[in-house]
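Among the features that TrEMBL reports, domain 'Dihydrodipicolinate reductase N-terminal' is placed at 7-128. Look at TrEMBL and you will find Arg38 tagged as NADP(+) binding site. According to TrEMBL, the feature active site, proton donor/acceptor maps to His158. Under the heading (S)-2,3,4,5-tetrahydrodipicolinate binding site, TrEMBL lists His159, Gly168, Thr169. The active site, proton donor annotation in TrEMBL covers Lys162.
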Amino acid sequence: MTDTPGIVITGGSGRMGQMLVKAVLASDKCHLAGVLERAGHDWIGQDIGTAMGGQPVGVAVTDDALEAFARAQAVIDFTAPAATLGFAALAAQARAVHVIGTTGLSDADIKAIDAAARHAVIVRAGNMSLGVNLLVKLTQKVAEALDPDFDIEIVEAHHNQKVDAPSGTALMLGEAAATGRGVTLSDVRDAGRDGMTGARKRGDIGFSAIRGGDIVGEHDVIFAAAGERIVLRHLATDRAIFARGALKAALWGQDKAPGAYDMMDVLGL
Ligand SMILES: NC(=O)c1ccc[n+]([C@@H]2O[C@H](COP(=O)([O-])OP(=O)(O)OC[C@H]3O[C@@H](n4cnc5c(N)ncnc54)[C@H](O)[C@@H]3O)[C@@H](O)[C@H]2O)c1
Ligand SMILES: O=C(O)C1=N[C@H](C(=O)O)CCC1
């Protein structure tokens, strides 16, 4: 047995789950302590290496979160809101660092997660990449510098299996733009235009979502005024950027006091 932190990956068969398993196996700073999937999934009981089409790695996929978390120092969780809420309570009980990448969480979900963070370290972000977190900072700065003559529009594009909109990243960018402007996002958010919407309201922050093919994740923040336009853009072409950030967060959290953190804390931005 190694003395590096043991990490459990939830949703191990998913797009991000598989990426995270590979990232943990490739790291010498941690080891794979467990892999979870939902009850009834075909992969339960199989070695995760074999299930992913490679060599066995000595870790069988399980649906027993309580047992897996008891052996872990961190849980990296990119699943779905209902699953993440359950994992937050169990990870806090096990005092394991919980890194949450799951998006589509409601305000009530976030409240419950923050309550769990009273007992353990939770790092949550709608996007774990360095590039997007820098873009969030830039968005806030630009919004601070420009007045509401500049209409702010956030356009995001993702693959055709994504179930939530706007993306978690788009919401982070919207929050940053609203903070820069000194307003509350929920007061100015304009999403899902369709039909006779009327003219755009000055000061609104607009959201548009594209879904298609295998797009990993693309975000534009557009500041549009009469006669000029500023566009801030991030293009993700490889999910490894999210896995890298999540792993960094799991290791960063090892010596931190219980609380709710985000990637800005991890990256020191
Ligand atoms: N924060 C980020 O940087 C970032 C990056 C990429 C994706 N995401 C988010 O991560 C989430 C997953 O994305 P994906 O593309 O990997 O989706 P996916 O559908 O490919 O994978 C989700 C996995 O979770 C599993 N799952 C669901 N309920 C479970 C449960 N109760 N127990 C164990 N496993 C369970 C599913 O079976 C599936 O394998 C989404 O919310 C997505 O928006 C966040
Ligand atoms: O593929 C997804 O789903 C992604 N979700 C995150 C979001 O909602 O912003 C990050 C990008 C990929």
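Glycine is no exception: its Cβ is also placed from the backbone N, Cα and C atoms.
Cα of the residue listed as 'active site, proton donor/acceptor' to Cα of the residue listed as 'NADP(+) binding site': a span of 24 Å.
Cβ neighbour count for His159 ((S)-2,3,4,5-tetrahydrodipicolinate binding site) (all protein chains, 10 Å cutoff from its Cβ): 13.
Across the domain 'Dihydrodipicolinate reductase N-terminal' (7-128), DSSP helix (H, G, I), strand (E, B) and coil residues number 45 helix, 26 strand, 51 coil.
Note on the recorded positions His158, Gly168: the fewest other CB atoms within 10 A surround the CB of Gly168. Across the structure, the residue listed as 'NADP(+) binding site' and Gly168 ((S)-2,3,4,5-tetrahydrodipicolinate binding site) are spaced 23 Å apart at their Cα atoms.
The recorded positions near ligand 2, defined by a Cβ under 6 Å from one of its atoms, are His158, Lys162, Gly168, Thr169, chosen from Arg38, His158, Lys162, Gly168, Thr169. Taking each Cβ in turn and tallying the other Cβ atoms within 10 Å, the top scorer among the recorded positions Arg38, Lys162 is Lys162.
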